[in-house]
Amino acid sequence: MGYQMFSESADKKIPQTSCGYYSQFVRQGGIVLTIVAYVSIFYFGAIFGSFFTVLGTRIPIKENFTTTRSHCIHCQHTLQTKDLFPIFSYVSHRGKCAYCSTKIDAMYFTSEIISGFVACLLYYFYATDLWQLAALAFVFSLLLVISIADYLYLLIPDRFQLLLLFGVLFRQAVLPVADWLGAFISFFVIFSLLFFTSLSLPDGIGGGDVKLLSILSLTFGLEPTLFIILLASFSAGSYFLHTHMAKGSSLQRRLPFGPFLAASAVVVHFAQMLLIR
Ligand SMILES: [Zn+2]
């Protein structure tokens, strides 16, 4: 009888309790593993972001990016390994050069952070579709290189546009269902619309921006590309007003539109992905 009671209570309690502990342990372990995975992916993205920033900085002015070591553009001091850790080096030196204390353009830090976030988003949405992951990582990396070039030199080199075209066509090719007719109609409509706008308003939109948007429309489609133009115009306008009012005078130079277009393309893409889910 005593044994029976013990056995009954044991049957009721032990399996439930141990199972509860076990599933809790697995759940917590899973959460920890997920956090470690995303932090690693974020930093991996930041390392690539740092590299693409170098490409965008050097290629337009024909500076070698394989043999020339990274250096401070102000004092020319060659950067040591400890100065090359994305995000950490910038934060530990409080955004200044470790050798001459000149303020480093926040562009470097911003592009590393953005790349980290984009890498996490790509992994979240495309971990099960490696071709799409690779194609979009290629397209978004090029958009970063293009943004850096346009931000620094107010130009988007044609070779970047050609690579982007290749990336966009590659992405179309690996889509589960690709609407090629729709892609070419979007391209034709966006190109005609922007080309005639640029002819009638020469100071409005640059030739590089027309090419960039036309290429993107091939894979983004007509409506999302119109959203990208709308969001980029709104954010560039707000930025212009903000800097205009802060400085109290007109801007020293033309505002680069490329970074706003690139950022809007990324935002519109992931917003669509969230809406689909
Ligand atoms: Zn320096």
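Just so it is clear, glycine is given a Cβ too, placed from its N, Cα and C backbone atoms.
Summarising the annotation, TrEMBL assigns transmembrane segment to 31-55 (among others). Beyond the transmembrane segment (31-55), the same-chain residues lying 6 or more positions past its ends with a Cβ under 8 Å from any Cβ of the stretch are 65, 70, 84, 86-87, 107-108, 111-120, 123, 141, 144-145, 148.
Using DSSP to sort the residues of the domain 'Prepilin peptidase A24 N-terminal' (44-124) gives these counts of helix, strand and coil: 45 helix, 4 strand, 32 coil. If you look up TrEMBL, you'll see 44-124 marked as domain 'Prepilin peptidase A24 N-terminal'.
Tertiary neighbourhood of the transmembrane segment (106-126): same-chain residues 38, 41-46, 48-50, 52-53, 86-87, 90-91, 95, 132-133, 136-137, 140-141, 144, 147-148, 151-152, 263, 266, 270, 273, selected by CB-CB distance under 8 Å and a gap of 6+ residues from either end. The transmembrane segment annotation in TrEMBL covers 106-126 (among others).
Long-range neighbours of the transmembrane segment (132-153) within the same chain, counting only residues 6 or more positions beyond its ends whose Cβ lies under 8 Å from a Cβ of the stretch, are 48-49, 52-53, 55-57, 59-61, 107, 111, 114-115, 118-119, 122-123, 126, 160-161, 163-164, 167-168, 170-171, 174-175, 208, 212, 219, 256-259, 262-263, 265-266, 269. Taken from TrEMBL, the feature transmembrane segment applies to 132-153 (among others).
Mean pLDDT across the domain 'Prepilin type IV endopeptidase peptidase' (138-240) comes to 94 in this model. Annotation source TrEMBL lists domain 'Prepilin type IV endopeptidase peptidase' at 138-240.
Here TrEMBL flags 184-201 (among others) as transmembrane segment. Sequence-distant neighbours of the transmembrane segment (184-201) (same chain, 6+ residues past either end, Cβ-Cβ under 8 Å): 207, 209-210, 213-215, 217-218, 220-222, 225-226.
The feature transmembrane segment is assigned by TrEMBL to 213-237 (among others). The list of residues near the transmembrane segment (213-237) in space but at least 6 beyond its ends in sequence, with Cβ under 8 angstroms from a Cβ of it, reads 139, 161, 164-165, 168-169, 171-172, 175, 182-187, 189-191, 194, 255, 257, 260-261, 263-265, 267-269, 272.
The transmembrane segment annotation in TrEMBL covers 257-276 (among others).
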DSSP helix, strand and coil counts for the domain 'Prepilin type IV endopeptidase peptidase' (138-240)? 87 helix, 0 strand, 16 coil
